[in-house]
Structure formats: structure tokens, C-alpha cells
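Asker: One structure, pasted below without further comment.
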Ligand SMILES: [Zn+2]
């Protein structure tokens, strides 16, 4: 019978925006698995990928076999419902990201647009899938996500250096359609005008930005130290988008076509199995996608800080876990994520899931035991950086002497 629970060996990317050496949680976690990467203190480690996406595919630690090949041979381990919906794959893509400068300002296309883009340019858009995502903070996490409330934007756009970006016949009340036009205008400005505007905004008193948006000059100044002051990302991010700071365990939900730019932190990201992205800022001009395409696709969700935050619910006895598990359930169907945080001497049980899951140990150490289903009685010592594949229909128990933080993305 095919093994259902086994440890994986995952890979880590080295994008220039990643944190360097030991500062990178992604790099450090990835390096804990023997043979996963060649350590170099001076390298940036940006994203550790887990699962079957071909760009950075996971392997089975014991045999070095690709997880994707194993699932092709033993499709039943993913569970019947997953197999019917998505085939013998991990239908989601979890990553640990560590970054100290802004990631590109981006959206991920919805299914219809992704199919179209993939058909016309399969090299650039490597799959026909949508990519809604959630991001769970592992450290303090600063980000821009979704658009500010329309009233905040319209107040802001009436201050002197910004008025010129509104058409002369602009009505008093702003709509999403005006916001789409304004986003297009700001993203299409000549480089010199972006730089002039940034400098003008930095030279006026903070109080001009109103009581709730005084943070704008500080953020602009920070961003121009990361990217040239001619980058259109800065204006769109600080003027139009919600600026948020999340603490460990808090999460944000980014639907398809929703604008976002992550600024700083360490996060666990989980997304539908896709790598499609449209970038328009915080990247070199050559890497920017078409502004028309970008602004046409935009959705206006979320439209305030509160709408972007993904709520969590404590799982109770009889559901998944016995009260030490939190469930992150985004509104899109591909996946959910369980978060298990245990103090010294604590345990937690997870009843069986109908589909596959991955177990990602973010902090601490302890053990994981199969307490029901195939492989009952198997037990592993688990520590920071360990990633396991868990097939459908397996009961698990986690325990620790000193403390343990585990995330478990799953599909059913
Ligand atoms: Zn994204």
C-alpha cells in the first residue's frame, strides 16, 4: 500500500527582494532539511515553495522522487474529492516568504483572463489557472492590499500636488469607475512627473494629508529608498491602497484581480496552484505588464482595511482539532489552512480530512503521530523547517515538550 505520510524536501528561490542569509526565515527553514539547498550567508532567500508546481517542485526526502510523480502513481492518496476536482496534484501552493523591501505591485488574474493570457503567451503566463491567495503573518507584516474607501481617496486627491490628476469635470463623489481611471492615470505618468509629485508630497506638512493619512510622507520616503522615485508603484500604493500591519497569526485574503503589494515581513502564503501575475510597480520598467490590461482586470475588493483581513475561527472538539487549532478558510474553494500553536507539554488531535494536506513546522519542535487510518502508530520527531505530505483519511496527533507552531494547508 502506498505510504500516506512522509517528509518532503522543498526548494527556495533567491529573488533579489528576499532577506539575506540567516535573516531570511524562508532560507533558514528550508535549510533545515538535508540536501534542500546549498547555504550561502551572502545570498538572498525569498520564497520556499511546497507542493507540485513545476517551477520549484517538492521531492520525497527519503527517496528523492518528485512528489508530483509519486501522486501520479498513487492518485488515491490525495482523496476522492480532490482527485475528482483537481486530479492527482496538490491543488494549492504554499510558500514561506521573507522580504525586507516591497514586492511588485500586482494582481493575479481571474480564471477567464488567466486562460486567455496563457493561450497567447504560455512562456510568461505558465498556467491557465487563477491565483487567489491568503497570507498569514509569521512576523510583523506590513503590506498594501485592496483600495482605500472612496471617501478617503477623494479627500486626498484634492490636496494641491494631486488635484492635477483628476479631470476638470470630475464630480464631487467618487465611484469605482473613477478610481479605475485614476489608477490608470497614475500608472501611466511620465517618470519625471512621478518624481516631481513624490518630492512635492514630501515637502508639504504632514497635516495636509488629514488625520488618518499622515503616514503617507513617511511611507513615500521609505519606498523611494527601495525603488527609484520614478516608480509608479509608490503613488498608487500610498495614495490609493490600504496600508496594513499584521501581527503573527493574523492573515489577509487577496481575491483574484485584487491589487496588493507586500512591503516587509515573513509570511506563509497559500494560493491556488498558479504562478500567474501582472506587475505594474516596484519592479524594473521592462518587467511591468500592460497598464490597460492591469486596470481593466482590477476588482474593487477589498475596499477598506477591515475587508481585507481574513477572520479565523477556533476549531472545537468534534471538528478539526480540540481547541488549539485555528482555521483560516478563505471564500475561494481550493484550500484552507489550519494553524496549530502548542505551549510546553500540550497536544492537539486532528481528525481525518477527506483530502490531502501539508504539515509545515514553522517554530519549535515536538512530534507528530498517525493515530488512525493507514499508517496508524507511525511517529515522527518534527522540528523547524520540516514539511510533510499527509494523504487523505489520516488521524494525526501533535505534541511538544517546549512549544510548537505548525501550519497545515489542506484541500477537500
Ligand atoms: Zn500576490
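Here the Cβ of each residue, glycine as well, is placed from N, Cα and C on the backbone.
Note: TrEMBL annotation is automatic and uncurated.
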Asker: Considering the Zn(2+) binding residues 106, 108, 133 given in TrEMBL, which of 178, 260, 303 is annotated for that site as well?
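Answerer: So the Zn(2+) site in TrEMBL includes 106, 108, 133 plus, from the candidates 178, 260, 303, 260.
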Asker: Return the residues near residue 260 (Zn(2+) binding site), defined as same-chain residues 6+ apart in sequence whose C-beta is under 8 angstroms from its C-beta, sorted by sequence, else 'none'.
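Answerer: Listed in sequence order: 105, 106, 107, 143, 144, 145, 146, 241, 252, 254.
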Asker: Specify the count of other C-beta atoms within 10 Å of the C-beta of residue 108 (Zn(2+) binding site).
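Answerer: There are 25 of them.
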Asker: Run through the Cβ atoms and count how many others sit within 10 Å of the one on residue 133 (Zn(2+) binding site).
Answerer: 24
Asker: In the same chain, outside 106, 108, 133, 260, whose C-beta lies within 8 angstroms of the Cβ mean position for the Zn(2+) site?
Answerer: 107, 131, 254, 258, 259, 271, 277
